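Below is one structure, written out as structure tokens, with a few remarks after it.
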Amino acid sequence: PSPPHVIKANPVPDYKEPYRPVIEHRLIELPMFSLPGEEISKRKSQEIEERIRQEKEKMEKMREFKAQPLPTGSPDCLPTRPYYPPTHPKPFALLTNGEKYQREFYEKVRKEQEYYKENRFHAQPLPNFKREVPRKPECPPPTEPIGFFFFTDTRMEERHIYDEHRRFREKEAEEQRIAKIREEEIRNAEEIRRLRANLVHHAQPIRYYTPINIKPSNKKPTRPISPMIGEKRRKYRDSLSKHV
């Protein structure tokens, strides 16, 4: 007989802790490769380093000092150093000892002192807490009257002068208006007189002509001819056709 099939149940999850997914971290190894320009850059860097090293060696050789050997037959001792007497100072005058410099310097110092005095802090004096006794006012001298004037008087005089000028201008304007009206009336009267003289009817004088002399005519009197209207005209035509 076959063995019995065993069923295994899944374990009960733990709900006390939050779910944390399992992430598998993979390490990817990149293949080794080289670009065609890397060899060129590497060779150039080596050349630059070699050039720098040669220059450095050259500078170090130049810094090294080597004394020249003594000439043959020269004594071993060094030549004697010449002796120079010590220097004695002599009196001299500085540029600051001049009169111009001294004057400018004292002027500058004076201005600085004045500036400090002006900007120096001055405390306010303490107030006087003593009680002041009011002084008895002195009797003033009697008031002397002085002449005065009102501006209204000045304005009244100016207004009076203005009114006189205005009346004078109005009078002149009125006279000019009246003179203009009189001239207009005279001109209208003259025009009316001229029109009336032109409108009066004047009879024309009698004209005398050359008298007409009537003479008898030499022509014979005219004999009337019938117009032959209607039947007469037809008969006349018929009589003419017969004669033809």
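Cβ atoms here come from the backbone N, Cα and C positions, even for glycine.
TrEMBL lists region 'Disordered' for one of the ranges 64-91, 120-147, 148-175, namely 64-91. In the predicted structure, the domain 'TPX2 C-terminal' (150-222) carries a mean pLDDT of 88. Counting residues per DSSP class in helix, strand and coil order gives 49 helix, 0 strand, 24 coil for the domain 'TPX2 C-terminal' (150-222).
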